[in-house]
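Per TrEMBL, the features are as follows:
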type	residues	note
BINDING	27, 156	xanthine binding site
DOMAIN	48-157	domain 'Phosphoribosyltransferase'
BINDING	128, 129, 130, 131, 132	5-phospho-alpha-D-ribose 1-diphosphate binding site
Ligand code: G4P
Ligand code: NA
Ligand code: NA
């Protein structure tokens, strides 16, 4: 997706050979027009299939997931990383290990909001090793819902998450695929 790639080139900051900082438009300050375009693009890419719910994980997945859900006219649910005070039971739970932050998050979703009748589109900002996607997929599986696919803003194609998911037969649509961050430069796939 051209506007996202241009934004990555103009405002992304390569921190190392593995990490790019996108705080200027995704992870801290959020560009609403870009997010609106991202929502339309996911809607277009998945227009061949019925979707009843968008599922993401807090915090940075929420903005693009909300814009996608708005375009699809379905609800969006975000997995929580901390347990809610008012919600302690009746939850799907999974574990997500973050390689970037070297910590385990226990993620939860209320059983009220994903059920076996749902057809779920998972949205997230980054795909690196695929741990967050695995945790969200685990929750979809526990619910008995159907996973339609996964929409990602930035896939780091030099890490193995995308490959692992596609090998499992999962439909992954990434709007920007980064081949390399070496020498401080962003190289996209194709
Ligand atoms: P994985 O889920 O694909 O295995 O990725 P990983 O564990 O490495 O990611 C952990 C966190 O770091 C996630 O955010 C993910 O979005 C983010 N992340 C991964 N690679 C990059 C990168 O190159 N740049 C930036 N800026 N973030 C990256 P999170 O902990 O869920 O935080 P939040 O922003 O959603 O609150
Ligand atoms: Na993030
Ligand atoms: Na994320």
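A Cβ is built for glycine as well, from the same backbone N, Cα and C atoms used for every other residue.
Just so you know, TrEMBL annotations are computer predictions that nobody has curated.
As the structure is a computational prediction, the values presented were derived from the model and not from experiment.
All features noted in TrEMBL, drawn onto the structure.
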{"residue": "27", "record": "xanthine binding site", "Cβ within 10 Å": "14"}
{"residue": "128", "record": "5-phospho-alpha-D-ribose 1-diphosphate binding site", "Cβ within 10 Å": "21"}
{"residue": "129", "record": "5-phospho-alpha-D-ribose 1-diphosphate binding site", "Cβ within 10 Å": "18"}
{"residue": "130", "record": "5-phospho-alpha-D-ribose 1-diphosphate binding site", "Cβ within 10 Å": "23"}
{"residue": "131", "record": "5-phospho-alpha-D-ribose 1-diphosphate binding site", "Cβ within 10 Å": "18"}
{"residue": "132", "record": "5-phospho-alpha-D-ribose 1-diphosphate binding site", "Cβ within 10 Å": "27"}
{"residue": "156", "record": "xanthine binding site", "Cβ within 10 Å": "23"}
Round to a whole number and give the Cα-to-Cα distance in Å for the pair residue 129 (5-phospho-alpha-D-ribose 1-diphosphate binding site) and residue 156 (xanthine binding site).
9
Neighbours of the 5-phospho-alpha-D-ribose 1-diphosphate site 128, 129, 130, 131, 132: Cβ within 8 Å of the Cβ centroid, same chain, sequence order.
96, 98, 99, 126, 127, 133, 134, 159, 161
Residue 27 (xanthine binding site) and residue 130 (5-phospho-alpha-D-ribose 1-diphosphate binding site), Cα-Cα, nearest whole angstrom:
18
For the domain 'Phosphoribosyltransferase' (48-157), the number of residues DSSP places in helix, strand and coil:
24 helix, 46 strand, 40 coil
Taking just the CA atoms, what is the gap between residue 132 (5-phospho-alpha-D-ribose 1-diphosphate binding site) and residue 156 (xanthine binding site) in Å?
14
Express the distance between the Cα positions of residue 156 (xanthine binding site) and residue 131 (5-phospho-alpha-D-ribose 1-diphosphate binding site) as a whole number of Å.
13
Rounded distance in angstrom between the Cα atoms of residue 131 (5-phospho-alpha-D-ribose 1-diphosphate binding site) and residue 27 (xanthine binding site):
18
